[in-house]
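Student: Handing you a structure now.
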Amino acid sequence: MFPSWSFANISFFQPPAFLMIGIPGLEAVHGWVSIPFSSMYTAALTGNCLILLAVRRTPSLHQPMYYFLSMLALTDVGLTLSTMPTTLAVLWFDHRLIGFNACLAQMFFLHFFSVVESSVLLAMSFDRFVAISNPLRYASVLTNSVIIRIGMGIVARATVSLFPLPFLLKRLSFCPGKILLSHSFCFHADVMKRACADITVNIIYGLYVVLSTMGIDSLLIVLSYTLILHTVMSLASPRERIRALNTCVSHILAVLVFFIPVIGVSMIHRFGRHLPPIVHALVAYVYLVVPPVLNPIIYSVKSKPIREAMLRVLREKRKG
């Protein structure tokens, strides 16, 4: 399984490849484990692509709320495709090697789409705040050009924040005997721990990225909903209050589905070293696989226009 690598210059070493792992302790049943994983990946890709097609083909959904939902769906497709090839390669074929540069590329895109998803959820909370607090100006505030600029800003922010990560890892010398990763994909926190050099800069910068993106986003989302609640409580009719809050339920669930696993992964990587490896693996899979699966389900169940548009797309596919 391990190739015969020669380490001529041991003063600075970067492994040609890392060795990934599936689910620790369940290697003997990886074939069976691949069934639910394959099903979840299929559900994630199918559900999010259906949302994208539904919004594109339905003129009545050409509104800011559904444009942001399309951004979320596209991000979930990217997040799914970031981990699916290596995870299924490990579970299906026991192909566990990933090249050093390929690992860094996967790590970049994995974290890139995570930061983008956090930013999109923040943009969606702003959308809900404007729609509820100032409905008469909603269309004039969130014009198509504004939404495009928000989308470009989200991509630029994620790119600038994460661009240094691969280069900070490439400057490190790694230990020849520490090439076994803890997952079937490349996490920054996991890869940097395989280095034999001082990783203080990597730790500080990684913490900075988390706090300056997901940390700030989560605080601003809480602030948005605080202002939304203040606006809703000022409405005279209880029926209007319920109607206003109902428009936020899908987004609140999407926020919880994303940020609860993010917190879990962060806490386990920093304070859960004593926990069994299978706990680390399962929490990481929940963080990366579950939100792309659940988001289309949440929005198709809670949003009648999205549900009807998705069913219309399916009927057209069957007729075609």
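Including glycine, each Cβ sits where the backbone N, Cα and C put it.
Below are the features listed in TrEMBL for this protein:
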- 7-26: transmembrane segment (TRANSMEM)
- 32-55: transmembrane segment (TRANSMEM)
- 47-299: domain 'G-protein coupled receptors family 1 profile' (DOMAIN)
- 67-93: transmembrane segment (TRANSMEM)
- 105-126: transmembrane segment (TRANSMEM)
- 146-169: transmembrane segment (TRANSMEM)
- 203-228: transmembrane segment (TRANSMEM)
- 249-272: transmembrane segment (TRANSMEM)
- 278-301: transmembrane segment (TRANSMEM)
Student: If you count every Cβ pair below 8 Å, which range out of 32-55, 67-93, 105-126, 203-228, 249-272 shares the most with the transmembrane segment (7-26)?
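Tutor: Highest pair count goes to 67-93.
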Student: Using Cβ atoms only, state whether the transmembrane segment (203-228) and the transmembrane segment (32-55) have three or more pairs under 8 Å that are 6 or more apart in sequence.
Tutor: no
Student: Between the stretches 146-169, 249-272, 278-301, which one has more Cβ pairs under 8 Å with the transmembrane segment (105-126) than any other?
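Tutor: Ranking 146-169, 249-272, 278-301 by Cβ pairs under 8 Å to the transmembrane segment (105-126) puts 146-169 first.
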